[in-house]
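Encoded as structure tokens, the structure appears first; notes follow it.
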């Protein structure tokens, strides 16, 4: 549905109040908004790689870029820093993020590659930004903090550390925002490649985007079994969310960075955004950052 190609399209969020899909292009340092009505993409350029975007209750967005949290005012394009983190790790940046059921913004970090396939290990962490702008560190020594969401009963937090090739479940205290007691939920099969972004549907099942696996998979968190696979027409599938007027459509982002020229010539859809219909299941609306 979005032909405008993204170097590293990520973190799609359906914004009901704008009837639009919001997402980031990490490597192009842009926050983007696509209208299905006009088919137009608008974008705001920022001064660092932007890993994630989420909706703010009072309008505009909260973003995680470089190693800082910030607010983005869409109309003025102003970026206001809330907090700087990890200033001792100049090679780190924020990656995926999402708002929890109480309006706190969870986002994690990762080390950038220093050469193709070369990355300092266990440099990442997962943070929670509270509505009062205070921050706690929830997890440490992560490789690539990635896809995240919460169970429908708000008792479980799901998280992906991509280089573990797995989805983990944590107990989650909705009152404090704290997570604890990780357990392995699903380990990806070889052909599924590496897990990236993730979302939950209205039946409480998880959808995981498989980067370099060219698919999204549906997992049952109760049984740890894969229920469904939807293949997409390009390999570097990065993230997914539900949207549309009744949340029955799934939007899927992709990337072209990381593909060599020969592969790119064979992958005309790399970096585009796709819509999957007919899944027979709906999603749930996104939470708003409560400040």
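Glycine is no exception: its Cβ is also placed from the backbone N, Cα and C atoms.
Bear in mind that TrEMBL entries carry predicted annotations, made automatically and left uncurated.
What TrEMBL says about this protein:
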ACT_SITE  196  active site, proton donor/acceptor
BINDING   10, 146, 196  divalent metal cation binding site
BINDING   93, 95, 113  substrate binding site
DOMAIN    8-255  domain 'SMP-30/Gluconolactonase/LRE-like region'
Check your understanding: Do you see any of the recorded positions 93, 95, 113, 196 whose C-alpha is within 10 Å of residue 10 (divalent metal cation binding site), and which ones?
Key -> 95, 196
Practice item. Return the single residue from the recorded positions list (10, 113, 196) that has the minimum number of other CB atoms within 10 Å. Key: 113
Check your understanding: How big is the gap, in Å, between the Cα of the residue listed as 'active site, proton donor/acceptor' and that of residue 146 (divalent metal cation binding site), rounded to a whole number?
Key -> 6
**Study point:** Per-residue Cβ crowding (10 Å cut-off), top of binding-site residues 95, 146
**Key:** 146
Revision key, fill the gap. Same-chain residues at least 6 positions away from residue 93 (substrate binding site) with a Cβ under 8 Å from its Cβ, in sequence order, are 48, 49, 51, 65, 66, 67, 109, 110, 112
**Study point:** pLDDT averaged over the residues of the domain 'SMP-30/Gluconolactonase/LRE-like region' (8-255)
**Key:** 97
